Amino acid sequence: MAPQYAPSLRSRLGPLLFVLQTGFILIFAFCAEVDSNVNVNGSTFKDSYTDFQDVNVMVMFGFGFMCTFLVRHGFSAVGFNLLVATMTTQWAIILNNVESWYYSGKIRLNMRSLVVAEICTVSALVSIGAVLGKTNPVQLVFIALLEVSGFVLNEWLLLNLLKVRPGNSMMLLHIFGAFFGLTVTWILYRKDSEQRFEKEKVDHKSGLFSMLGTVFLWVFWPSFNSALLSGRSPVRKLECVCSSYLALAVSAVTAAAVSVIFNPKGRFNLLHLQSCILSGGVAIGVSMPVVLQPWEAMLIGFAAAILSTIGFHLLQIHMLLAFQCHDTRAILSTHGLPGLLGWLAHFILLIRQCDDHTTAVRFAVFHICTLLITITTSLSMGILTGTTALCWDSLKCVTFRVSVTITHAKLR
């Protein structure tokens, strides 16, 4: 089936990008300034810059090439990823500094604000994986901007209502992005999605580039998990990096083993490896604050890989048939399930470290409320975004049909 694009896409995409970028330029021109209270020669700045570089490579190279597995969408996926990432990063910088803008009249720019903005962008890139190949660039930009807005809102709720630490709330991006993307793709579902389109096929070249993106993500994932720890105890950051690497290593080995077991011919399934070798990094990122021992990180990575591989093998097609939810990049098994496992591990380890029953009950209620708020916000924003996009498409179709009818009437 040949791809079908709206005839007016060119007339909508260009003006939309010009308007958005002009608005961002005006906001930064009148309201933003670089934070001058920074020692550029200090070790904290150098560590923050290194973390920013690593996260930036993940966003641009890792997620960009990871989305090239579709034959008919491979080349454009990298460009769409770059477009969405650059737009949402600017938007996230503004949203994350609304409070500073309100009280001081200025948006403060420093290395930490850039890192936080790119981490917010990752949540949008996770969500876009669910609608990959089924939406045009205008819809992708619209979905990404609303997703980042919802994620920043969720972070604000957790910080102000439950007093969650910023690092803990940011790492919930995997759960938020997965449920947001699944909700949007469920609303935008098409009846012929049960069939395997020509655009959904994978060949050796597209699979190779996608695997390259996965390797980029795997290599830089420890920096991603520890990026928000710059300026804190070096020992704690070292523990985070070591735990992340061990979880990633164990998840890679376990995903390969489970993939061979599920394959009737006993071969590696490249799709399993692409989707599941990152599961350990996702799970350990959510549970990092309470992971104290290397074996705990390795056990979490082991369980995450098994859960992710089984979920990829069984859930993707069943979600399509049972719930009419077409998950293109299997973000549920890559980010959603490992994120929930990481939350569960955080819950269990947190309760185990409590000395008295009352404190344990309080921590349990607090932790459950954190997950409920995150899922509720993601589902609400997903429904709002998907419904708006669906209504907009319906309006475009009606307008196009009316214009065609008028044109035919004039010709007659």
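Every residue, even glycine, has its Cβ placed from backbone N, Cα and C.
These figures come from a predicted structure and were not determined experimentally.
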The annotated transmembrane segment range in TrEMBL, which must be one of 66-87, 330-351: 330-351
Within the predicted model, mean pLDDT of the domain 'Ammonium transporter AmtB-like' (36-385): 86
Cβ-based contact of the transmembrane segment (114-133) with the transmembrane segment (270-292), 3 or more pairs under 8 Å: no
Closest-packing stretch to the transmembrane segment (363-392), where packing means Cβ pairs under 8 Å, from 140-159, 171-188, 298-323, 330-351: 171-188
Long-range neighbours of the transmembrane segment (330-351), counting only residues six or more past its ends (CB under 8 A): 126-127, 129-130, 171-172, 174-175, 177-179, 181-182, 271, 275-276, 278-280, 282-287, 289-291, 296, 300, 303-304, 307-309, 311-312, 315-316, 319, 360, 363-364, 367-368, 371
Among the ranges 140-159, 171-188, 244-263, the one whose Cβ pairs under 8 Å to the transmembrane segment (208-224) are most numerous: 244-263
